[in-house]
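A quick write-up on the structure given underneath.
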Amino acid sequence: MEKKLTALSHLFVTVFLSGFSTIIVAPAIIDVTMFSLCPGTDECSLAIYLSGFQQAIIGLGTALMMPIIGNLSDQYGRKALLTLPMTLSIIPLAILACNRTTNYFYAYFAFKTLTDMVCQGSINCLALAYLADNISYRQRASAFGILAGVTSAAYVCGTLAARFLSTGLAFQVATFVSLFAVVYMRIFLEESIPADQGEGITQPILKEGEEDNIIQNDDNAPTKVPPFKKIPSLGDVIYLMKNSPSFAQAAIVAFFNNLGEGGMESSSMYYLKARFHFNKNQFADLMLIGGIVATISQLFIMPLLVSPIGDGRLLSIGLFASCVYAILYSIAWSAWVPYAAAAVSTVMVFAPPSLRSIASKQAGPREQGKAQGCISGIISLANIMAPLIFSPLTSLFLSEGAPFHFPGFSIICIAITLMIAFIQSLMIGRAPSTSNAENSTEV
């Protein structure tokens, strides 16, 4: 027991350090981008389009890489695969730690785009698979919520540190923390390779080799399933969705939810900067408030609600709150409204860990990497489409050539996509459980 708790604590520290190094530079990157591309202005269409282009390219890369990384972690272990994205993420931070002139910014932009094809989302994907290796079926939603809480805590600490650090020093600190995170992970985190014992939760979704081709149905009658290659293809993902309706529904929710979230990511900061002239410190304050609320909710409130409410209902509640959040942004009439909207984070942060828990319950113990990788790949597809849809809308309705005056029109469109995700979440059935679920590894 103590050994497992120690291993999980090292995972949480690793995730915290990685998240901290990413978030500490987030409030500054908007100002760095604007200074490099459109110095002396609060509105820059080039920055919006370039950011959207980068997000789309990164989404395309991660859509291809996440299922591969997840599958390889099932074969070679979570720690081995964690080393790659954590090491690559150091490079773009180190570039801006040296200088933030236009040439350095373009070098950062190029390396950030390339490295994030592997890095973005992969650390979270592998951490979720690591938890699933060590946490029982019934405790998984709570554990995923705690992991999300640790990420939110890194968000809070990184934002708070950014509030008091200069832009140059923030990138230098981020570079050092990223290096330290890799060293810490390699020294202290124990390898986790999926165990062979099943939990009796669901039929395994992808099988390899002749010995794995025999599975057990609920009536204990053996059934053949077709073998697949070690690296999952699009056909494998389609088979997975046909074989598990709950996973297919979760995938649809993941797509539309992250289409909305990706739209907010690519548009909201530029919207606030153009509408209310937000600066680095105001962005940091806004992120800090949202992060504090999310941390408290995920670490202390969500674990108490999972058992009586269930991850399915928590998912729906979180998605509905996300719709409310986007609507408040779209009709913001004063600079204080986005700060007030951050209070909705108390509930909306329930959605991501609940969704991951539902997906995890549809996979066998040796398929957690595949399942989380497929969900991450679907999320990446949404991240490809989001900037292509919402960046042009944001730029159009913030310009003088807008067909009608509604600066938040792109945000209200985001709210519609989130509402679609909410409606779909209501159709997700509870994952089946059996008495064999207790045979899983527990903490």
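Each residue, glycine too, has its Cβ placed from N, Cα and C.
Residues or ranges marked as domain 'Major facilitator superfamily (MFS) profile' by TrEMBL: 7-433. Look at TrEMBL and you will find 7-30, 46-68, 80-97, 109-131, 143-163, 169-189, 283-306, 326-352, 373-398, 404-423 tagged as transmembrane segment.
Averaged over the domain 'Major facilitator superfamily (MFS) profile' (7-433), the predicted model has a pLDDT of 83.
A contact between the transmembrane segment (283-306) and the transmembrane segment (109-131) is absent, since fewer than 3 of their C-beta pairs, 6 or more residues apart, lie under 8 Å.
By number of Cβ pairs under 8 Å, the transmembrane segment (169-189) is matched best by 80-97 from the list 46-68, 80-97, 109-131, 143-163.
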